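To start, the structure under review is shown below, and the notes come after it.
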Amino acid sequence: MKDFLFNFKMPEHFLVTGDPLIYGAQVSIVLASLAILFVLTYYKKWGWLWREWLTTVDHKKIGILYLLASLLMLFRGGVDALLMRMQLSAPNLNFLDADHYNQIFTTHGVIMILFMAMPFLIGLMNVAIPLQIGARDVAFPALNAVSFWMFAAGCMLFNISFVIGGSPDAGWTSYTPLAGNQLDPGPGQNYYLLGLQIAGIGTLVSGINFLVTILKMRAPGMTLWRMPLFSWSTLITSVIIIFAFPVLTIALALLTLDRLFGFHFFTLAGGGSPMMWANLFWIWGHPEVYIVILPAFGLFSEIFSTFARKKLFGYGAMVYSMLAISGLSFLVWVHHFFTMGSGPWINSIFSISTMLIAIPTGVKVFNWLFTLHKGRIEFKTPMLWALGFIPVFLVGGITGVMLAAAPADYQYHNSYFLIAHFHYVLIGGTVYGCIAGLVYYWPKITGFLLNERLGKWAFWWFTAGFNMCFIPLYIVGLKGMTRRMYTYPAGLGWETWNLIATIGAFGMGIGFIILVWNMIYSFRRGEKDTTGDPWNGRTLEWMTSSPAAEYNFAVIPKVKGLDAFHLMKKERAEGRKEETPEIKPIHMPKSEGFPVVMSAFMFISGFGFVFEWMQIGAFGLLGCVITMIWRSFNDYDRDYYIPVEEVKKTELAAGRRV
Amino acid sequence: METTTTTKGYQPMEYKSEEGRLKIFGFWIFLGAEIVLFSTLFATYFVLVNQTAGGPSGKDLFEIHIFATETFLLLTSSFTCGLAILYMRRNSMKGYLIWTIITLLLGLGFLIMEIEEFAMLVEMNAGPTRSAFLSAFFTLVGTHGLHVTLGIFWVIGVMIQVIKRGFTPVTSRKIFMTGLYWHFLDVVWIFLFSTIYLLGVV
Ligand code: HEM
Ligand SMILES: [Cu+2]
């Protein structure tokens, strides 16, 4: 027992040493943390932080937390990207060494997909979905907080790796045997396994939460077929999450057992199968890429129809194509390893299923174009991002079909052609969608309008930089440059293109800075959105004030058709008399402290297991279980009513009739 | 928000509140995710079932009387758990408590047998680190066992709350959800029993 409790095995280097970049990071992290602690204490903000943010169960606030975290992660992942591009800007550079480069492409990939793209979209869902379906919150508000804090714990755990213990370095795919104990000992790879595991719990819970919310909490009259497309895409995404994430959970757990406890799932020595990791990973991984694209599709659909001032063209086809994509997304995973010897039959089948996805996707693109056709298009910033998405996504999609042809893939596989392809879909689709959604919902989130001029600058810098960065990468890919190489010799005809790509990457960075500046600027100088409906929107979220009151709707709206709010406005313009329904006391959930406590224990547990300090790991898990038991015993009186008087006061203060 | 969707005028207490209905529905979805989780483990088991690395296989290790008794205990506990819910519906605290305690004892018996089985295997040098087959076996069966363990704690926790508060919409919802969970673990065991143990010994 004593041996168990006091056995702290130390890795060779607990704090990462030897690199000036990392020393700088360590010092700035310590300084920044101290500064935050100081500011919170000096201005006596701890109570405020706890009451308003750490314990909130309001979907709108949780959405803001998600968005803040993902913007921060976009910054971190972006810095990783710029470091890599600097290293590759010319041949034979030694700005990053091979080990460091390996770590950086790994953290870049993981952070961008799991800690940036997905939480960004889940954040937007939190902001918009309950409003869009006319609900007062999600189905399980406390679990929603659990989702966020689990994500936050996993994300923090993963992010501290580069200063404590060293980052994972086997790529975001972490293929075995490379990621196994023998070839990659030490805490780095454990960070990958535990960080993703903890964050994954949060994602799964979000999936369940949004599924139940959308199926069960829609306003009266809103049948499934009257639901806006962002709600549809969230519904379908939730289903994909529920089917895909348990597979990731298992894959990570099995590799953790291999690494920490000497099991043999993926080690050849005991008869294990390294190939099984590739299969499990991509059975989750391919659906994952649809988890990050479908919500973006949903957002684009909203934006196109709003700014073309038209009903979305082919609503039914849009929904069915998303359903088809979600089904197919589980049937294509082998295309990630055509070259690993699955044989002609299997390769052919997966080649065809992959190409099939192009059909529903094409349907969607045509429907968007027809929505624009004869529309009165307004080039506001959200619309710019949506319009920009179509051509770049097309390039990404077409090169995707090229990669899907298995024999040809033997040429493209793991080259920069592939890198360029998936950045065209991930950036051109997901990131454009996230930014479009962010600027579209910004007034609803904050009550301020963004500056249109700055918004346009951000868009053009980002778009120009993006194409300048990745078109050259297609070319060097065809010229034979492979991914994950930390440097290359001169004389292969790669130099110029690489230099152009690096310059383009910095252009994107400038676009990002302008975007963030615009957000800060809007708080200071921005125009206030007094109407709650800055874009002349068509769906229910624009019916509320900006930002919406904590109860969202004083009276739950009645939905009479698709684009419900548009219909209401039309009726009002036609002078039809409106009934003013009576306000009743509103039932609300109370704040909850347990999600953040539970996640803190989870973080401790994860940290313990990363360093194979099993006692710490067990302690954290125990804390987590005890918190859950405590919550179960205190599961009573978790709600309260807002009295009518107070609702009326809030509504009047927001300039609404009551 | 007290809409009622009664069938023939009768509606169990756990379904009476909107919150109760939502939570039970959400729990069903969660069980769906659990099915995916176990299916993945089953898949890994079947990939690795013949990878014994020169070590023992299922035929050498599984003993019919052990896993048959385990099955008997768990299946019976599922039945008694159903009885407990029946008595809850009849508002009989005594019946609920008796059958819940019997369920717990049966579950505990199952768990003790499983732990003994594992200990025996480890002693025979057939622990999870022996071969890929054994890694997969221990992980799959162990995951189920871990679920049963959590289930036992959960049922006890809910029972204490029921003793303190009686049958209310909230406590009866909790009872109902633990019941669902318990039956679910039973179903998973049926698959474990038939595809791992039975197929393993033939
Ligand atoms: C800000 C602009 C970005 C730039 C300049 C950039 C650049 C790069 C570079 C240079 C690599 C490594 C290539 C290699 O050595 O193999 C890479 C890999 C990767 N990037 Fe990006 N990237 C950007 C944004 C994104 C975004 C937004 C995502 C996802 C949403 C993303 C996902 C990935 C993934 C998954 C990898 C593969 C990592 C691996 O090999 O394990 N990137 N990126
Ligand atoms: Cu794929």
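Backbone N, Cα and C define each Cβ position, glycine as well.
TrEMBL entries are annotated by machine, without manual review.
Per TrEMBL, transmembrane segment is recorded for A:20-43 (among others).
Sequence annotations record features per position, and here TrEMBL assigns domain 'Cytochrome oxidase subunit I profile' to A:42-560.
As annotated by TrEMBL, transmembrane segment applies to A:64-84 (among others). Within the chain carrying the transmembrane segment (A:64-84), a Cβ under 8 angstroms from the stretch's Cβ atoms is held by residues 21, 53, 95-96, 101, 104-105, 107-108, 111-112, 115-117, 119-120, 122-124, 126-127, 148, 151-152, 155, 159, 431, 434, 438, 445, 505-506, 508-509, 512, 516, all 6 or more beyond its ends.
Residues of the same chain lying 6 or more positions beyond the ends of the transmembrane segment (A:104-129) and with a Cβ under 8 Å from any Cβ of it are 59-60, 62-67, 69-71, 73-74, 76-77, 80-81, 83-84, 96, 138, 144, 147, 151, 154-155, 158-159, 161-162, 167-174, 192, 195-196, 199, 203, 206, 210, 213-214, 230-231, 234, 237, 288, 291-292, 295-296, 299, 426, 430-431, 433-434, 437-438, 441, 444-445, 484, 541. According to TrEMBL, the transmembrane segment annotation covers A:104-129 (among others).
The transmembrane segment annotation in TrEMBL covers A:141-164 (among others).
Positions annotated as transmembrane segment by TrEMBL: A:191-215 (among others). Outside the transmembrane segment (A:191-215) by six or more residues, the chain places 106, 110, 114-115, 118, 122, 125, 129-130, 133, 135, 138-140, 143-144, 146-151, 153-155, 157-158, 161, 165, 167-168, 170, 174, 179, 227, 231, 234-235, 237-242, 245-246, 248-249, 252-253, 255-256, 259, 599, 602-603, 606, 609-610 with a CB less than 8 A from a CB of the stretch.
As annotated by TrEMBL, transmembrane segment applies to A:312-333 (among others).
Here TrEMBL flags A:345-370 (among others) as transmembrane segment.
As annotated by TrEMBL, transmembrane segment applies to A:382-406 (among others). Under 8 Å from some Cβ of the transmembrane segment (A:382-406) lie the Cβ atoms of residues 296, 300, 303-304, 306-307, 335, 338, 347-348, 350-351, 354-355, 358, 361, 365, 368-369, 412, 417-418, 420-425, 427-429, 432-433, 435-437, 439-440, 455-456, 459, 463, 466-467, 474, 535, all in the same chain and six or more residues away from its ends.
Per TrEMBL, the feature transmembrane segment maps to A:418-442 (among others).
According to TrEMBL, the transmembrane segment annotation covers A:497-520 (among others).
Residues annotated as transmembrane segment in TrEMBL: A:593-610 (among others).
The annotation transmembrane segment is assigned in TrEMBL to A:616-633 (among others). If you look at the transmembrane segment (A:616-633), the same-chain residues 6 or more away from its ends with a CB under 8 A from one of its CBs are 592, 594, 597-598, 601-609.
Residues 67, 70, 74, 112-113, 117, 120-121, 124, 127-128, 289, 292-293, 295-297, 299-300, 302-303, 306, 381-382, 385-386, 388-389, 392-393, 395-397, 399-400, 402-403, 412, 448-450, 455, 462, 466, 470-471, 473-474, 477, 483, 515, 519, 522, 535, 541 of the same chain sit 6 or more residues outside the transmembrane segment (A:418-442) yet have a Cβ under 8 Å from a Cβ within it. When pLDDT is averaged over the domain 'Cytochrome oxidase subunit I profile' (A:42-560), the result is 96. With a cut-off of 8 Å between Cβ atoms, the residues of this chain six or more beyond the transmembrane segment (A:20-43) that come close are 49, 83, 162-163.
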